[in-house]
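Asker: Heads up, here are the entries from Swiss-Prot:
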type	residues	note
DOMAIN	89-272	domain 'FAD-binding PCMH-type'
CARBOHYD	N29	N-linked glycosylation site
CARBOHYD	N84	N-linked glycosylation site
CARBOHYD	N285	N-linked glycosylation site
CARBOHYD	N300	N-linked glycosylation site
SIGNAL	1-19	signal peptide
Amino acid sequence: MLSSILLTIFCAFLSSTGAANVADWNSLNKTLKGQLKGATPLASPCFSQVNAYEETQSEDCATAIGQQCLLDSSDPSSIKAYANVSCNQGSVPSYYIQVKSAEEVKKAFAFAARTQTAISIKNSGHDYNGRSSGAGSLSLWTRKLQELKYEPSFVPQQCGRQAGVAAITTGAGINFDQVYTFAHEKGVTYLGGSGPTVGASGGWVMTGGHGVLSRVYGLGVDRVLEFEVVTTDGVTRIANACQNQDLFWALRGGGGGTFGVILSTTTRVEPKLSIAVAFIALPANTSQQVLAEWTSLAINSTIKWAADGWGGFQGSGITLLGTPLLSLAQAESSMAELAQFAKRNGGSVAVELLSDFYDMYTKYYITNVQAGGSALFSHNWMIPSRAYANAQGRKQLQDHMDWMSSVGLNPGFLATTPYVYSGVAKQCGTFDAFGWMGL
């Protein structure tokens, strides 16, 4: 199959150690008409000692904790992060190309194959596993791919007899903030994630893609109609339900950058729709006992909330959920028990009906964007619905959440699996379990 051949080629690109010399890089820069750029860590100007290119073994940069160049994520202005510390290249690629067309990607692939240089692909850089970087690699940065187009009746290429649907095409450099604003202006709803700077056509969609509305309308991969991609053999391909079907299946779940570089993604959109929002929180000084009671209430309500279409974030002492299925009265009834509990314990409650998803996005997500950052331990636990269906399963969940709180952690879950989505299973390459998970 085409996809298995391409995967073999691309794995070689990703795992190569890199043998390119100065002459090779100069030749590539000439081929690209001067568009090859040297990459240095963002924070390097803050450091008095910059040794960005002293490391000769790329694996040392990737694994040695001292080979980094970081500011304090919680306070980027703090001088303590770089006082008496040397800045090193770390996992930042040696060189990068600001990709503006398919031709630049093809030239990069040809160079990588000839010199055995690793390729890293960066959209917005939101990759928990760091795959958008790579010591010694040639980085393909797709931010300049800024296509943004709305079509009221889109038909995928070579699907001439298929009925058209409303769709938006996003270049690989478009982020959610851009496409949400664009969709709002067109009077439609684009279904994506909650991070405004996350790319709409990158790793988010190719690893499944979930968000507030996924409960009802499916994952990002369920909504993709067509990809334009440069595969590692240097060919620009259109992948949809009518051509390159195996590649289309694989791109929807196979992970960001696995089969090539996405140039654009065309995604089905929905009409403008109202959304009920519940933002319920306990005070910051809430006791462990009250937090445990909150957790118990949430665990016992999870399946009901999922069936009502509520999607979003559920945490210890805080819930921010939205659903397009309920009226205001229905939403208040659905969340009544949690709301009453929060009020009894000095918490805040806001249950409201907003005119569309964009209003929820601008009111609750944009306003809570942090300038810095904080420590986060993420994991990929997917909790099946059956864990909530019996007392033993609920107790195990309760015990684990209570333990996390007791050791100073603030546990939270993304309640964004497609619990009530009615799409056909296994039309794409995502994990089967997405379809029957409670959380």
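The backbone N, Cα and C atoms fix where each Cβ goes, glycine too.
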Asker: When DSSP is mapped onto helix/strand/coil, what comes out for N285 (N-linked glycosylation site)?
Answerer: coil
Asker: Check N84 (N-linked glycosylation site) against DSSP and tell me helix, strand or coil, would you?
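Answerer: Its secondary structure by DSSP: coil.
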Asker: Could you tell me the C-alpha distance between N84 (N-linked glycosylation site) and N29 (N-linked glycosylation site) in angstrom, no decimals?
Answerer: 36
Asker: Under DSSP, is N300 (N-linked glycosylation site) part of a helix or a strand, or is it coil?
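Answerer: The residue in question, N300 (N-linked glycosylation site), is helix (DSSP, three-state).
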Asker: Given the glycosylation sites N29, N285, which one has the fewest other C-beta atoms within 10 angstroms of its C-beta?
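Answerer: So among N29, N285, the glycosylation sites given, the one with the fewest Cβ atoms within 10 Å is N285.
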Asker: Same-chain residues six or more away whose CB lies under 8 A from the CB of N300 (N-linked glycosylation site)?
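Answerer: Sequence-distant Cβ neighbours: Y388, R394.
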Asker: Near N84 (N-linked glycosylation site), how many other Cβ atoms are within 10 Å of its Cβ?
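Answerer: 8, counting other Cβ atoms within 10 Å of N84 (N-linked glycosylation site).
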Asker: Using C-alpha atoms only, work out the spacing between N285 (N-linked glycosylation site) and N29 (N-linked glycosylation site) and round it to an integer in Å.
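Answerer: Computed Cα spacing between N285 (N-linked glycosylation site) and N29 (N-linked glycosylation site) is 57 Å.
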